[in-house]
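A short write-up of the structure that comes next.
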Amino acid sequence: MNSLLMIIGCLVLIGTVWTKEGYLVNMKTGCKYGCYELGDNGYCDRKCKAESGNYGYCYTVGCWCEGLPNSKPTWPLPGKSCSGK
């Protein structure tokens with residue numbers, strides 16, 4: 001029983017360590033996805049889940065996503081500024 005609890009605990013920890021969070025970024029413009037309804041926000045949550053994240057919400061006028069795979073880029077993109085187009 002103790003071994004099972006240790007294995008489950010390790011799996012939870014691995015899931016936490018191997019994910020990241022950050023502002024969702026539009027790869028074409030280099031800008032973060034904007035939002036105006038702070039807190040729980042259906043638009044941001046849908047965008048986050050479309051990028052394989054766990055949960056998205058509006059934070060300081062941008063869609064913040066938690067639980068993203070490490071392979072997904074977040075704002076700001078290195079070497080690319082927001083063009084606003």
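Cβ coordinates come from backbone N, Cα and C, glycine included.
The signal peptide annotation in Swiss-Prot covers 1-19. Annotated domain 'LCN-type CS-alpha/beta' per Swiss-Prot: 20-83, in sequence order. Marked as disulfide bond by Swiss-Prot: Cys31-Cys82, Cys35-Cys58, Cys44-Cys63, Cys48-Cys65. Swiss-Prot lists Ser83 with the feature serine amide.
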Within 10 angstroms of Cys48 (disulfide bond), Cα basis - disulfide-bonded residues out of Cys35, Cys58, Cys63, Cys82: Cys63
Largest tally of Cβ atoms lying within 10 Å of a Cβ, found at which of the disulfide-bonded residues Cys35, Cys58, Cys63: Cys63
Residue, out of the disulfide-bonded residues Cys44, Cys82, whose Cβ gathers the largest set of other Cβ atoms within 10 Å: Cys44
Integer Cα-Cα distance in angstrom, Cys65 (disulfide bond) to Cys44 (disulfide bond): 8
Candidate recorded positions Cys31, Cys35, Cys82, Ser83, pick with smallest Cα gap to Cys63 (disulfide bond): Cys35
